[in-house]
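*Asks:* Below: one structure in structure tokens.
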Amino acid sequence: MKGSRIELGDVTPHNIKQLKRLNQVIFPVSYNDKFYKDVLEVGELAKLAYFNDIAVGAVCCRVDHSQNQKRLYIMTLGCLAPYRRLGIGTKMLNHVLNICEKDGTFDNIYLHVQISNESAIDFYRKFGFEIIETKKNYYKRIEPADAHVLQKNLKVPSGQNAETQKTDN
């Protein structure tokens, strides 16, 4: 698709309805009003994706302080089916990864993926995410209800450096 433009734009009170509509079409789960209220507060961690000026996807994240770590949780990252495999998801995920890299204080980035969503699992694996656990009955009212937790570590564990990791093989 030569000449096509992929851009990311802020989520604002003026376009939050677009985000709601996209999420209703893309995801098998419903998000409540609190989700959308919170999305308006996260700034650069929520973006609409535009393909030639048409909103076709979105990414919404939040900072999570759990397990004595600073983590970034990808609440949603998705794109309308006809616009998949055009680099839109990659642009959204790279945006989030760049934020984490610039910040420098995140330990990891993680998300939940329905166990049957092999294309999403493959997508995240290309970026270095790994399945770290499977949560039984994570989803309500959708089948399969189980979700994989995918995580990408952003910091080398303390006490290790690149040299010791190489020699441990």
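Quick reminder: no glycine exception, Cβ is built from N, Cα and C everywhere.
These came from Swiss-Prot, pasted as-is:
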DOMAIN    6-155  domain 'N-acetyltransferase'
MOD_RES   Thr12  phosphothreonine
BINDING   Tyr31, Met75  substrate binding site
MOD_RES   Lys34  N6-acetyllysine
MOD_RES   Lys37  N6-acetyllysine
ACT_SITE  Tyr73  active site
BINDING   Leu77, Gly78, Cys79, Leu80, Ala81, Pro82, Tyr83, Arg84, Arg85, Leu86, Gly87, Ile88, Gly89, Thr90  acetyl-CoA binding site
MOD_RES   Tyr110  phosphotyrosine
ACT_SITE  His112  active site
BINDING   Asn117, Glu118, Ser119, Ala120, Ile121, Asp122, Phe123, Tyr124, Arg125, Lys126  CoA binding site
REGION    138-141  region 'Substrate'
MOD_RES   Lys140  N6-acetyllysine
*Asks:* Around the Cβ of Tyr83 (acetyl-CoA binding site), how many other Cβ atoms lie within 10 Å? Please give the count over every shown protein chain.
*Replies:* 19
*Asks:* Based on Cα coordinates, which of the following recorded positions are within 10 Å of the residue listed as 'phosphotyrosine': Lys37, Tyr73, Met75, Phe123?
*Replies:* Tyr73, Met75
*Asks:* Would you mind ranking the recorded positions Arg85, Lys140 by how many other Cβ atoms sit within 10 Å of each Cβ and giving me the lowest?
*Replies:* Lys140
*Asks:* Check the DSSP secondary structure of Lys37 (N6-acetyllysine), expressed as helix, strand or coil.
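*Replies:* Going by the DSSP assignment, Lys37 (N6-acetyllysine) falls within a helical segment, counted as helix.
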*Asks:* Which Cβ among the binding-site residues (Gly87, Gly89) has the fewest C-beta neighbours inside 10 Å?
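*Replies:* Across Gly87, Gly89, these binding-site residues, the one with fewest Cβ atoms within 10 Å is Gly87.
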*Asks:* If you count other C-beta atoms within 10 angstroms, which of the recorded positions Thr12, Asn117, Ser119 is the most crowded?
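*Replies:* Max Cβ neighbours within 10 Å, all protein chains included: Asn117.
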*Asks:* Just to be sure I understand, if DSSP states are collapsed into helix, strand and coil, how many residues of the region 'Substrate' (138-141) fall in each?
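*Replies:* Summed over the region 'Substrate' (138-141), the classes give 0 helix, 0 strand, 4 coil.
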*Asks:* I want the residues beyond Asn117, Glu118, Ser119, Ala120, Ile121, Asp122, Phe123, Tyr124, Arg125, Lys126 whose C-beta is within 8 angstroms of the mean position of the CoA site's C-beta atoms, in chain order.
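*Replies:* Checked against the 8 Å cutoff, the neighbours are Val113.
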*Asks:* At the Cα level, what's the spacing in Å between Asn117 (CoA binding site) and Lys140 (N6-acetyllysine), rounded?
*Replies:* 16
*Asks:* Would you say which of the recorded positions Lys37, His112 has the most Cβ atoms within 10 Å of its own Cβ?
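*Replies:* That would be His112, with the most Cβ atoms nearby.
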*Asks:* What does DSSP give as the helix, strand and coil breakdown of the domain 'N-acetyltransferase' (6-155)?
*Replies:* 49 helix, 55 strand, 46 coil
*Asks:* Taking only C-alpha atoms and a 10 A limit, tell me which of Lys34, Gly87, His112 are near Met75 (substrate binding site). These are the recorded positions.
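*Replies:* So the list reads His112.
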*Asks:* Including all protein chains displayed, how many Cβ atoms other than that of Arg125 (CoA binding site) lie within 10 Å of its Cβ?
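*Replies:* A count of 13.
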